[in-house]
Amino acid sequence: MACRSGCCCNSIGSFNEDNARFLMLALLIIIYLLCGAAVFSALEQPKEKLAKERWAQRIEQFTNKYNLSQDDLKNFLRNYEEANVAGIRVDATRARWDFAGAFYFVGTVVSTIGFGMTTPVTIAGKIFLIFYGLIGCAATILFFNLFLERVITVIAFVLKFCHERRESRKAGPTQNCRRPSTDNRDRRTDSLAGWKPSVYCVMLILGVAAILVSCCASAMYSAAEGWDYLDALYFCFVAFSTIGFGDMVSNQREIYEAQVAYRVGNFLFILTGVCCIYSLFNVISIVIKQVLNWLLRRLETPCHCPGRGNRHPRRNAVVPGHMRSRRENSIETDAVNDSEADGRRMSGEMISMKDFLAANKVNLAIMQKQLSEMANGHPRQSGSSSRHNEFSGGVGALGIMNNRLAETSVDR
């Protein structure tokens, strides 16, 4: 096929990089869902069939023993199902809608766990839940993001401190006694100042923290609820990851030993566990994004069509290596423009929302940070922050972790 309009290559380079990454992730998620469905179907379907057969046998035996029709028995069982939805159990349970029970319910709402053991049944309650959840879930997500920002900052500070101690020990006593040259001292200072922890170290630390919290919480639930330890560990993951099936729910019995202490421990463990797992999920998402970037680089094919080299690639496009110098020049120009804009803002001009929304990937966390810096009189640095990599302009938690880890740094 002849080249039309200068190029006819159907390579990955003609796509926007973010769109290519999004489509590849969507495809991988679909494949992941299909594989998961196959595994769970193979594991759980035989058990489901066996349970249905046993239930049919029990109904038949019960109707024959007490001379009842199956229709009457099924109607009675439907009434029990309705009572079960309302929170009524054969064994006595705690009140669902007293203040303590309602507090537990709203906690599962705003944290998006949603166990399902308690649901509003009145029209007024359902309408109120819509507006209450809209604000509460948004505020809780913001809380999780702020927690993530702080825990990443603390971990990065500790790891950097350990790295500096290790580097100072490597220098040795002989080098410490000698007066180092100015160039070597400046070079070493710049190297330490630009060091950032690896995402894998952060992921390992968060993983260990999540495991410790889950194991301690499982021990408490196993003792208080009478669950097997493995079932308690399963409940912790379902609750902390906000999956919230509702097949196992803590703090539902009417009476517990040391009831006040158990309720406080239950609240603290769920709060801490959700924060840890949320942070761990977001760090794992960086690793997944790295894999996607690696796959995109593997799929890059250079374009040899005549006249293609005269075109300027779009920003964020996956382009061959010999064309990236032009994109770097464009980025430097953007840095100068950003610097001029910062100068105008610092000179007392009003902050224009158009300046923030000019970029097509401004998220809430970055916008809040920029507004705070402008209000406090601290302009954002335009030299390095204007540079782009695969993680620049991330949304939500990715935006918070941008340039905080080695893998998300613009200097890597």
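Cβ atoms here come from the backbone N, Cα and C positions, even for glycine.
Bear in mind that the values here come from a model prediction, so they are computed numbers and not experimental data.
What Swiss-Prot records for T112, T242 is K(+) 4 binding site, and it gives similarity to another entry as the kind of evidence. Here T242 (K(+) 4 binding site) comes close to S111, T112, I113, G114, V274, Y278: these same-chain residues lie at least six apart in sequence, with C-beta atoms under 8 angstroms from its C-beta.
Long-range neighbours of G244 (K(+) 2 binding site) (same chain, six or more residues apart, CB within less than 8 Å of its CB): T108, T112, I113, G114, F115, G116, V238. The secondary structure of G244 (K(+) 2 binding site), as reduced to three states from DSSP, is coil rather than helix or strand. Annotation source Swiss-Prot lists K(+) 2 binding site at I113, G114, I243, G244, citing similarity to another entry.
The feature K(+) 3 binding site is assigned by Swiss-Prot to G114, G244, F245. Take the CB of F245 (K(+) 3 binding site) and look out to 10 A: across all protein chains shown you find 14 other CB atoms.
Among the features that Swiss-Prot reports, compositional bias 'Polar residues' is placed at 374-386.
Annotated intramembrane segment per Swiss-Prot: 97-117 (among others), in sequence order, evidence recorded as sequence analysis.
Beyond its flanks by at least six residues, the intramembrane segment (229-249) meets 108, 111-117, 210, 213-215, 217-219, 221-222, 269-270, 273-274, 276-278, 281 of its own chain at Cβ-Cβ distances under 8 Å. Look at Swiss-Prot and you will find 229-249 (among others) tagged as intramembrane segment.
Annotated region 'Selectivity filter 1' per Swiss-Prot: 112-117, in sequence order. Across the region 'Selectivity filter 1' (112-117), DSSP helix (H, G, I), strand (E, B) and coil residues number 0 helix, 0 strand, 6 coil.
According to Swiss-Prot, the feature region 'Disordered' maps to 374-395.
Taken from Swiss-Prot, the feature topological domain 'Cytoplasmic' covers 1-21 (among others).
Taken from Swiss-Prot, the feature topological domain 'Cytoplasmic' applies to 148-198 (among others), supported by sequence analysis.
Per Swiss-Prot, the feature topological domain 'Cytoplasmic' maps to 289-412 (among others); the stated evidence is sequence analysis.
Long-range Cβ contacts of the transmembrane segment (22-42) within its own chain (Cβ-Cβ under 8 Å, at least 6 residues beyond either end) map to 288, 292, 295-296. Residues or ranges marked as transmembrane segment in Swiss-Prot (evidence: sequence analysis): 22-42 (among others).
Under the heading transmembrane segment, Swiss-Prot lists 127-147 (among others), citing sequence analysis as support.
Here Swiss-Prot flags 199-219 (among others) as transmembrane segment, drawing on sequence analysis. Here the transmembrane segment (199-219) has long-range neighbours at 151-152, 155-156, 159, 229, 232-233, 235-237, 240, 269-270, 272-273, 276-277, 279-280, 283-284, 286-287, 290, 405-408, meaning same-chain residues at least 6 beyond its ends whose C-beta is under 8 angstroms from one of its own.
If you look at the transmembrane segment (268-288), the same-chain residues 6 or more away from its ends with a CB under 8 A from one of its CBs are 25, 107, 111, 113, 144, 147-148, 151-152, 199-200, 202-203, 206-207, 209-210, 213-214, 216-217, 220, 236-237, 239-242, 391, 397-398, 401, 405, 407-408. The feature transmembrane segment is assigned by Swiss-Prot to 268-288 (among others).
Counting same-chain residues at least six beyond the ends of the region 'Selectivity filter 1' (112-117), those with a Cβ under 8 angstroms from any Cβ of the stretch are 87, 96, 137, 140, 239, 242-246, 249, 252, 270, 274. Candidate binding-site residues: I113, I243. Fewest other C-beta atoms within 10 angstroms, I243. Residues G114, G244, F245 make up the record's K(+) 3 site, and a Cβ search at 8 Å around their centroid adds T108, I113, F115, G116, V238, A239, T242, I243, G246 from the same chain.
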